[in-house]
Amino acid sequence: MADSHADEVAAIRARIRGTGLRSTSARIAVLQHMQAASAPLTHAEIATELVPQGFDKATVYRNLIDLTDAGIVSRSELGDHVWRFEVRGEGAGHDGEHPHFVCVSCGSVTCLGDVKITPTKKKEWAGIADISEVLLKGHCVNCA
């Protein structure tokens, strides 16, 4: 168990350094917590776990922004004006942009990493659009 934890920390450290950032204990803790999550997390959710470990909320936020700018973490706004963060690729369970499902009853967020959105061309349109986020809303299995 200790070897797998050490290997995980070494991989996180290497990934952070690979972007040119310093591998600090706060950045490692943020990424470890995010990698263990099954859905995007808010700053408040991450801080709730890391403040008792000695990291303050501002440090957590600054590191989320640094990791986002470095391309390790992606940031999404899922319709409620709250940023959610998740680790990108490299064993995070999904690569790149992917859709999310938000339950309109309980607010739970689910990554739909296996769902592929394929645009179809039904009629001519002169504009150029990039799909950066796809959000599906409805009732989750617990609330349906």
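Backbone N, Cα and C define each Cβ position, glycine as well.
Neighbour list (Cys143 (Zn(2+) binding site), Cβ cut-off 8 Å, at least 6 residues apart, same chain): Cys103, Ser105, Cys106. Following the DSSP three-state reduction, the secondary structure of Cys143 (Zn(2+) binding site) is coil. The feature Zn(2+) binding site is assigned by TrEMBL to Cys103, Cys106, Cys140, Cys143.
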Cys106 (Zn(2+) binding site): tally of other CB atoms within 10 A of its CB: 10
Cβ-Cβ neighbours of Cys140 (Zn(2+) binding site) (radius 10 Å): 16
